[in-house]
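Here is the structure we will look at.
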Amino acid sequence: MNDKDLEIEYLKKIDLFQRHNKHYYDKNKPIVSDQEFDLLKKDIIDLERKYKFLKSEYSPTKSIGFKPSKNFQKIKHKVPMLSLGNAFNEEDLKNFEKKIINFLSLKDVNTIEYSAEPKIDGISASLIYIDGKLTKGLSRGDGNEGEDITQNLKTIKDIPLEITKSNFPKEIDIRGEVFIENNDFKKIKDKFANPRNAASGSLRQKNSLITAKIPLKFIAYTYGYEKKMNIKNQTSFLENLKLWGFKTNPFNKKIIGVKNLMLNHKELEEKRKELAFDIDGIVYKVNDFDLQKRLGFAANAPRWAIAHKFSANSSISEIMNIEIQIGRTGALTPVAKIKPVNIGGVIVSNATLHNEDEIVRKDIRVGDTVTVERAGDVIPHVVSVDLKKRKQNSKKFIFPLKCPSCGSKTIKDYNETTKRQDAVRRCASEGFECEKIAIERIKHFVSKDAFNIDGFGKKIVENFWNLKLVRLPQDIFKLNYNKIEELEGWGKLSVANLRFSIEEKKNISLERFIYSLGIRHIGQENAKLIARHLKTASNFFRLSGEKNIESLSNIDGIGITQIQSIKKFFLNKTNLKVLSELEKNLLIKDVILINNNGLLKNKTFMLTGKLNGISRAEAKSLIEQNSGKIISNVNKKLDYLIAGDKPTLKKINTAKEWNIKIINQTEWLKMLNKSG
């Protein structure tokens, strides 16, 4: 084996080690036995000793040397710690601002002020203060619940333990980033892979004395909830944070206009290497807190903030092979297996090619020399092909016309919206009859946003599938734990933990349950809309009739595409069998509206025409916040038709025929105790 082949073999082992390391240390969910993990480390160390030119900062000789505790108590965040949407260019920012303008129905774009704050590449934390005292400190966790790491956070000098300022809120959840400055990291780099890993590992130590030895810093930047805080905007809040004893980012700015946001982004990107800490972009927040409240949240991110990432990292590599991956909805995704390369501190050996059309457009072939790009959390992808280096015997890649998993034909759906064929080719099966789809649907079923079964990750799903322990979702709730206990890497304690995690998740909300089924076009937001409409699990299980499914078209946001997908789902006999079994094994909670005593409780509304000073999206949001219900068709279930300027006459006439009350904007706002 020559030096180049040795290096490739070594980097593959490093890549595998990093993936296992993440599950072992960061997630506390090992996917291989301790023996296999130790053997892999030994292989890498032996290679380094024998061949001195083999080096990597991700080697086990340089990475974290202790295992964090599994004993941190999990606590639910009062207000979820949501992730942000990403922007990568000026067009993305323009779209972000356009959505804000449309939602708020603003006429002057220059009225929107932004707080621009550098995005530190660290670990998010939540600090709960009651009567000025730090009572609890939580990690972000999965966004809905975090771990109680109070004692470790108290070791950070930047975090005040008690605040006596008169204007400090009676109760507040201060949020910020824990990180290590680059110069401090140089002193401890032999123990950790990178500054972020150092911060993460240190915060999850059972012994806070170990955490205290690490030079952690904390910068505050927002709040989750508060009581009795009289502050009107984000920039004033940041100023008050400093008065209360917190450190804030010295590069925070107040900016108006996308062009100025872009100038600030360019300026900071040029300076980033000179900064004391790592940043990977800038977060823009609508400055005015009242506007933030009006904008609210989408499914899993605020509408009033976005993270503008810095330029992607890229590297040159060679495509060794092109493989087809099959997703839970049957989508066939081509993936380039490339020679492992380091891109922005991460070893990359796979890059997505997106779809068949993309391969044809770029004429991507096995053996090609390509530029691979990785930006933030985005999956690495092939940007371009160096045609000058193309091998003479290269052949065009032929996309499979049959599913590589089950042999069914592959199809491209006709898109009713674009009036064109989809770019994505799919397995015609789309059900549990296709092995790869079945595995991916089960992975989706147990995923974070669905059942969120702790310790039941993707590798466990694959292992249990190969052992024929799981074939359908209901099998998860009927596992043979005695058999699992005999498997390599499992023992009484790990099996008991898995059993507890599964039993704990038998109680689930209706929206999570609907989302877990992996119905095409039914994401989190649509699952929530359907759950709110149906209210009970029994109503969902009774959807199998075509007429019942058609009734979902009354939900604002559910269209023909979603209705067709739901019909297709309920026509599949295996899906019906899965639903029947899950109904027996689960306790699915009815939907209880947060504001169940709202001013519009049990009332249904429909909008027609243009409203004055408020967008249709915000009007719908206000109705739902006050326990009202939006429907999209005029029918006998409609209580009020809200008519703005230039309403649709057909809707007005139909409402009159059925004696439905027609009200104007002023009358509707009075119902909300608001002045028009």
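Quick reminder: no glycine exception, Cβ is built from N, Cα and C everywhere.
The annotation active site, N6-AMP-lysine intermediate is assigned in Swiss-Prot to K119 on the grounds of sequence analysis. Non-local neighbourhood of K119 (active site, N6-AMP-lysine intermediate): I279, D280, G281, I282, V283, A307, each in the same chain, at least six residues away, with C-beta under 8 Å from its C-beta. K119 (active site, N6-AMP-lysine intermediate) falls within a strand segment according to DSSP.
With a cut-off of 8 Å between CB atoms and residues at least 6 apart in sequence, the same chain places M81, I123, S124, A125, S126, G146 near R140 (NAD(+) binding site), listed in sequence order. Classification of R140 (NAD(+) binding site) by DSSP places it in coil, neither helical nor stranded. Per Swiss-Prot, the feature NAD(+) binding site maps to D34, Q35, E36, F37, D38, S83, L84, E117, R140, E177, K285, K309.
A simple way to gauge crowding: the CB of C427 (Zn(2+) binding site) has 27 other CB atoms within 10 angstroms, across all the protein chains here. C427 (Zn(2+) binding site) carries a strand DSSP state (E or B). Taken from Swiss-Prot, the feature Zn(2+) binding site covers C403, C406, C427, C434.
According to Swiss-Prot, the domain 'BRCT' annotation covers 595-676. Remark: secondary structure over the domain 'BRCT' (595-676) totals 26 helix, 18 strand, 38 coil, with classes taken from DSSP.
A separation of roughly 42 Å, to the nearest angstrom, links the Cα atoms of K285 (NAD(+) binding site) and C427 (Zn(2+) binding site). In three-state terms derived from DSSP, K285 (NAD(+) binding site) belongs to an extended strand segment. Spatially, by CA atoms, the binding-site residues C403, C406, C427, C434 include one closest to L84 (NAD(+) binding site), and that is C427.
Counting other Cβ atoms within 10 Å of each Cβ, the binding-site residues C403, C406, C434 show the lowest value at C406. Taking the mean position of the Cβ atoms of C403, C406, C427, C434 as the Zn(2+) site, the remaining same-chain residues with a Cβ inside 8 Å of that point are I326, G330, P404, S405, G407, S408, A428, S429, E433, E435, K436, I437. The 10 Å shell around the Cβ of K285 (NAD(+) binding site) contains 23 further Cβ atoms across the protein chains shown.
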